[in-house]
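Here the structure is laid out as structure tokens; the discussion comes afterwards.
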């Protein structure tokens, strides 16, 4: 390659003029501003403060800070996605100004005007194209304001496709005007680039690295003698040279002639600064230069053919491997993975003092850590005398003698006359003799001598092939020493180094991948004459290159020449097998993959021990079963289905045993005895019913001698009337006593047959029935496997526990029924109930939490990503509101808006003289004109002179209970009656204190979220208070909403579902209120909090306060009882209207008394109804319950009933509510927190695991009357007007509530109560189908 002429030039600094200084400084500042602007555009966040963002409460995310956020928002608003190109245009303009700063040409104003027109056309058309075809970015239009105007103008005229075409044409014209480029020139340039790319790709595809000649990027005159190389050029090399010349001539048509040598160096796979072309592996073995896969070099050596072993079949005697070992010591190449040791001294012919240089030198390959196996050329004849076992080089480290390194004797120019050298004792092959030559040959050009290799056979291998024989050594003419020139080092080309390093790593991976794994050979056998070259897997890795070279013609002579030396060093390698297991590998093409390990097949005995029955054992097992069966009942036979069922039953029993060993019996003693009796009776009835269904299902075929199945044998159920006779899927808790012999093939038959023979099992179970209570009958039938069989076993109502004791005695199962009576704790929790059925008061033990209150992890977390507020859409909606109000001749300006999770409030500044009532009357018309579901008008906003207009959001967000509970307002509130309602329109949580309400009235239609709101309040108190602080009385007529809380320790009594019990519970609350008032008056306190403080103070003084109102006959206590801390009581009624309509007007008086006086006693009411009518929510109740919550109602009348004002009829439902707090006349709009059923069940289960409820007796029982509070009883006082009303009714002979109401001028409720008292006394009849009553009493006597 010709050397480029360079001249040393001295760099001088020239001073710039003042104008240029200012220009370059200004350009640098503009470029920095463009970089800052690009960072601001890329890091834009809609929540940052900007021109379109009015309120923000978060840290700034933009990298450019607040100015960057403002500027990015403005650019996106104007240009859309084209704003990203503005920094690029700024940098390009700076570059253009810097390049043309020295030009002093005059200014062509016409050209400037054309460029300005072109710039404007490009900007406008680009924005328009983006607006028509691209998606919007964030909440901006894709083309910005400019693109939106163009698109809205062109689409009605030309449609989207026509507008796109028109804008493209204008864009093309603008590009020409701005740049001055002709589109013909642009097309030619694009075509030239495409052709260059295709030419480059096609040449690169056809190119082969191994055929690139070194002369393409090396100067022949400087580095090599061209005439001398052509003298030794072979026919093959000449053919290849001609092909390369033709390819270069073709490439000259498309590639710059000045860059040919650079391209050749780039694609040749060779570094420009390589010193030598010999490729060595990490273990010192030369890589075959003709191996395209591993060497990565040329496959041709066109300079030399006289000594080419491929063309001349000359013996390979060149010591390349020894030279490689020396080179690894001198150069910084990778060390060999396996140890390569020196050859021990052996008496032989001396090594020649000087060796010829390596003639065949490939390009240096990668420094691999594994030896490279070079495949032998195809033209070489294979020698049958040479073969190599694999075991001899497998483990040289385990031998006491240091392994012998294979030695390659050097060869001279005449291989036929060269003697084969062996290492001498006084001069071992160390590598020092070769290092000097290698260092010289590293920088030398390719020599004229051909490398030849001679394989030196190790001493330990010789007895395997043939006996050592003396071989005559032929004289060899010594070659003339070659004067070598040191090749000058060239400067590194770093890009080529990177390419070469990458290829070197790839070749290392390939070499390591295809490295063979030797397999051990147990017994050496002599190699037959018909054996060909050894396999790849049998070649030792140390001599990888030389192991393939026996195909050369001189290998046989070299092997025979080393016979004597090999005999001396025979014990170097041995056939000792390694101690550890050798990996089994599979030979073939590709990586050596280990074969799978051998798997030991278990015997029949082992399979039988695991319960696996082989088909061959079936006959023997059936015979054994029949033999045992004949001992007890002759004639009983079983079919295959029954045998399989019994085997499944046995497996189920074993599984139950393992489950008991895993979980133990730690919770069997926690159940009270009375609960055990009730649960055991219920489970026995379920077992009987399930046995009936199973018998009907499988009663097709019975064994001979079996008695017919009778349900009378299993009649035992005190709760039979309460259970359904339908089939039930049982749920077994797998807890079984550990059995001693789990696998017995005969016993399951007895166990399976028992349910079908009710007579015999009754006789067998007579003795266990007297010893064991009925509770333990579910002690062991818990088998989750094969439910059809295992459920038939517990059909016995009396202790079927021995059914699982049978398999323990395979020979004499009769005594099994005498042994199972072991004192075992009862397990009433093991039931036959379906897992999907809810069971109230379930005693199944749970893991007791360690925290005093439930964790928030039980609730559903809110989503981490919050959708940003679309301020642009809000601005558009504000303008639309103003326009719609103007249509109704109302002038108003939207001064502010408050976006919330569900609705957005727009604050209207009305013009002077405009009344707010006008907007309230237009609420429905505004909803219609704004295309919204509902519009609520807030006439007065506290603290502001504006009118609020609440519109629903397009995308409604869900308010999660967890995010409301995880708030400082809720956590910091010390009251145990703190409840959360949801979020207001500003997104702030709304927290209320039930102790300050003090009672709550909730109303809403079905589906409005009323029950969800009640659940949210209950969960709030469960997350705030312990059972000793707050207790609940829940009344749920629908038996759906509040029944899920059954079993929590906060309950005073079970969830009340009967209306009679509900009235009794309210009466108990009134009596409890009176009792607490007496105690508080005795202690001189005014509320329950003061009472509890007195009790706590007495406890700290260690002087408890005795009950001042206790009498010896009041209770069975032997000592005087003391006062204890009283919890708050919350009475929750889910359907108040149903309670009022079912029980009667008596409940109204009880609720009124509680609402009036119960606040100080710590009793609070939460009444929920879906019918807020005046006959349900009376004036007396409303007067005493000031705090109200209104969900969506059906009409303004209902809204006025619950809130005393309209507005609830325009709510959105699904938790949207109006909350009227205590001492407040203006309701607050709140979006209720959403509670899932899974969350409720999770919290309930968490509290159930903490403890059991301590119910108070007598809450739901009525001691005064058996009929409850449904009507008049003897103890109730008659109305003062009762006698006068009776006289009026008997005289008029017409009984009606309205007549009594008009006659005595009393309220409707009082008149109705008087009529009911008359009905109870028998004066009037019951109300007929038409609503009339008959007067039964005779008329008064005159």
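Here the Cβ of each residue, glycine as well, is placed from N, Cα and C on the backbone.
Bear in mind that the values here come from a model prediction, so they are computed numbers and not experimental data.
According to the topological domain annotation in Swiss-Prot, residue 13 and residue 63 sit on opposite sides of the membrane. Looking at 305-345, 346-386, 510-550, the range tied to region 'Disordered' in Swiss-Prot is 346-386. Your range for region 'Disordered', going by Swiss-Prot and the list 244-279, 568-603, 604-639, is 604-639. Range annotated as transmembrane segment by Swiss-Prot, chosen from 146-162, 163-179: 163-179. Of all ranges given (25-44, 45-64), Swiss-Prot attaches the label transmembrane segment to 25-44.
Around the Cβ of residue 1012 (ATP binding site), a 10 Å sphere holds 22 further Cβ atoms from the protein chains shown. Sequence-distant contacts of the transmembrane segment (116-132), counting only residues of its own chain at least 6 positions beyond either end whose CB sits under 8 Å from a CB of the stretch, comprise 79-82, 85, 141-144, 146-148, 150-151, 154-155, 160, 163-164, 167-168, 170-171, 173-179. A Cβ distance under 8 Å defines the sequence-distant neighbours of the transmembrane segment (75-98), meaning residues of its chain 6+ beyond its ends; these are 23-24, 27, 30-31, 33-35, 37-38, 41, 44, 51-52, 123, 126-127, 130-131, 134, 137-138, 140-147. Per-class residue totals from DSSP over the topological domain 'Periplasmic' (45-74), listed helix then strand then coil: 10 helix, 2 strand, 18 coil.
Below 8 angstroms of C-beta separation, residues 36-37, 39, 83, 138-139, 868-869, 871-872, 875 of the same chain, each at least six residues beyond the ends of the topological domain 'Periplasmic' (45-74), sit close to that stretch. Residues of the compositional bias 'Basic and acidic residues' (619-628) grouped by DSSP class, helix first, strand second and coil last, total 10 helix, 0 strand, 0 coil.
Annotation note: residue 1007 (ATP binding site) sits in a coil segment as assigned by DSSP. With every protein chain in view, the residue among the binding-site residues 1007, 1009 whose Cβ has the most Cβ partners within 10 Å turns out to be 1009. Spatially close to residue 1011 (ATP binding site) yet at least six residues away along the chain are 1041, 1134, 1168, judged by Cβ distances under 8 angstroms. Listed in sequence order, 1191, 1192, 1193, 1211, 1213, 1214, 1215, 1216 are the same-chain residues at least 6 apart in sequence whose CB falls under 8 Å from the CB of residue 1008 (ATP binding site).
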